[in-house]
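As recorded in Swiss-Prot:
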- 1-24: signal peptide (SIGNAL)
- Asn63: N-linked glycosylation site (CARBOHYD)
- Asn63, Asp109, Phe160: ATP binding site (BINDING)
- 253-282: region 'Disordered' (REGION)
- 260-277: compositional bias 'Acidic residues' (COMPBIAS)
- Asn306: N-linked glycosylation site (CARBOHYD)
- Asn402: N-linked glycosylation site (CARBOHYD)
- Arg405: site 'Important for ATP hydrolysis' (SITE)
- 727-771: region 'Disordered' (REGION)
- 758-771: compositional bias 'Acidic residues' (COMPBIAS)
- 768-771: motif 'Prevents secretion from ER' (MOTIF)
Amino acid sequence: MANSSLLRVVLVALLLLGSVTVSAGDGRGTPIAFQAEVSKMLDILVNSLYTNRAVFLRELISNGSDALDKIRVLYLTSPKEPLTKDGEAPTMDLRISFDKEKSELILRDGGVGMTKEELAKHLGSLGTSGTKHFLEKLQEGVGAGGGDQNNLIGQFGVGFYSVFLVGDRVRVASKSDDSDEQYVWESKGDGQYFLYPDPRGNTLGRGTEITIELKPDAEQFLSAETIKKTIHQYSEFINFPIYVQEEVEVASTAATPEPAAEEGSLDEGAVEEDPDKEGDTQGVVKERRWTLVNENRPIWTRPIGNVTEEEYHTFYKAFSGDYRDPLYFNHFKVEGEVDFDSILFVPTTVDPASFSDDNSVPNTNIKLYVRRVFITDEFRDLLPRYLNFVKGIVDSNDLPLNVSREVLQESRILRVIKKKLVRKTLSMFADIAAQDEAIANGKQVESPAPSGHTHLKKPAYTKFWELYGKHLRLGVMLDSNNRNRLTKLFRYKSSRSESEYISLQTYVDRMKKGQKGIYYLSGDSVARIKKSPVLEDAVNHDVEVIFMTDAIDEYVVSQLTDFAGKKLINLAKEGVQLEESDARQRVADRKRKEKYDSFFTHLRALFGYSEVRKVILTKRMTNEAFLVSSGENQITARLASIMRGQSMSLANQQMTAERVLEVNYRHPLVDEMFKRFTVDEDDEVATDIAWVLYDTANLQAEFPVADVAAYSKRINRLLRSSVDLSADDSLLPPDDAEYTVSDTEAEEEEEQPKVDANADEEAEAVGEDDL
């Protein structure tokens, strides 16, 4: 689409090259006509770049702001004091007014203005060499004028012609310090324009006034509310004040109001009388007043350190619509390969939409500005998906302004901004953690000076992690370039820190001497993990274990294999040995394995070769007879369970979660089974014991039990056997004979109304809830 837009613009520029003169005799001078297809080409031009007609106002305000920027720079070295013919000085602002009777919208700025030659150059010909330069810069991804402030000229380029989206006729009056005369450029967008001295004389002193005769279907732009809404959307943070003239009803007074100053020279809050105003019977009159619209100044352009925390909070609420203060903010400026200003905020609540996996939905939390002009908030990857909860603004002078979103999306500059923005965002999170640690160590600064970021008054990282930890863990899977930065931000509870989170670095710092790696267990909750038999082994060895309680952790550890040079080890995997064996122990282990080899072969045959990959002697210090672990290079039982819950198509995924049976030879039941199976491989008691222990171990490890009914029957048989009851003993006979019921009692019972027992239970439950 971007190439298509470029092709159209190139075609327009080529067709508009060269102009011809035709005669006219209406007093406006000689009209200048472009080639015959100009109207069609202009239509292609504006519609190829703009789909929303309201952007014409953004373009004109941006042009006016550039013109004011230019004159401000020029006056730093060569100040002047121009005046209108009535002796009024032009103002350094933009003003928008209306003539509803004529359906005219009027925009005026006190900027640099244009001479007759500049009007012809910038408005009269799209086919100049400037257009070629514009197209070249467009292709390079650099906007005309770039980041050089001396090029901040109020030249009307491609964007100006968006005015014909809403206007039937446009008149541009302009006065430059370089000319004694004020000129008017006028066109209906029909292939020709007029250029003539303004018959009104010097009404501007300096600057430009654009009068748009609105199309019948664009008269909504005669509404002050519509104009203000559009300004808030696109031009809220323009460097200069923007005033809109409004009609307000005020109580009439006996005193005669002073004559209003000429339009464009009024101060904020000044009153301009409607010459045709009439008081009603209740003493109310209509007056015209200038209303300042863009009261929220672009605080990101102010020096970092000169903005208070309260101002940042106020700004956040204004631009985000969130009524809460942000959890954290960071204001920074990037210079070098690309220059931009940015303020990023971390909200105090999670937007459920941030967990959406629909990549076609743009992230609208980051608003992109170019020279303080809002461009778009619909980039899908200005920040990666895992950081889509961060809100903020980015303002760059190095991006092109008047191009489509598709062209910007491919911009090299935008890719650089994205890379730096991600680094700054992760640095912001690290700062929250660092301040947390400082507070914990008693190093909190009581009354810090403004520094462009939040100064925490109390710990906040725990809340941040609980809100956005899932997002950061997703980042480990999606952003390999920043994986190390992300893992430093991770926080977990552990067997030594069940109530407070610790970082992986903290875990590493307090590892036992000689410890092989970072041990962890995953589960639905800390309470469930604490009941795991494999945790018992770590506790017995005084080894700390990380508790991972979020489903996403299982996916994360598949990507995150180590941290700070220490391997991450899942205690639920086979063959975990927390202490090294000496030579004597290794020899004994080999002999022990030979002793139990036939026993293990029998167990594997009993439970099924397809279900149990292998049977081994456990090296864990545990009181359990059997442990079921996952294969070393296989997915865990928990991950398989999570995958089954996420998609029915993965219902058979459990087959890849291979089971390893670990046998504790020191357990009395294991010793009894070994003896019984050595005598008789079909021993029923030993078989029942083996199955019950195996199924129980499966449940503890979150593997499913294949035959729950058989499991229940085996437990029943073992319980009968433990109290010397035969498995064949049937139920006892009914004991009705023990209870004597008289005929009278039976008759009385028959006469009682029948009551639904379930209804009684439900009624009791409701009553308990009420209590």
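Note: Cβ is positioned from N, Cα and C throughout, glycine not excepted.
Each residue in the motif 'Prevents secretion from ER' (768-771) has a pLDDT score, and their mean in this model is 46. Once the Cα atoms of Asn63, Asp109, Phe160, the listed binders of ATP, are compared pairwise, the greatest separation found is 15 Å. For the pair Asp109 (ATP binding site) and Asn63 (N-linked glycosylation site), the C-alpha distance works out to 9 angstrom. Classification of Asn306 (N-linked glycosylation site) by DSSP places it in coil, neither helical nor stranded. Looking only at the glycosylation sites Asn63, Asn306, the densest Cβ neighbourhood within 10 Å occurs at Asn63. With a cut-off of 8 Å between CB atoms and residues at least 6 apart in sequence, the same chain places Glu59, Leu60, Asn63, His122, Leu123 near Phe160 (ATP binding site), listed in sequence order.
The Cβ of Asp109 (ATP binding site) has 32 other Cβ atoms within 10 Å, all protein chains considered.
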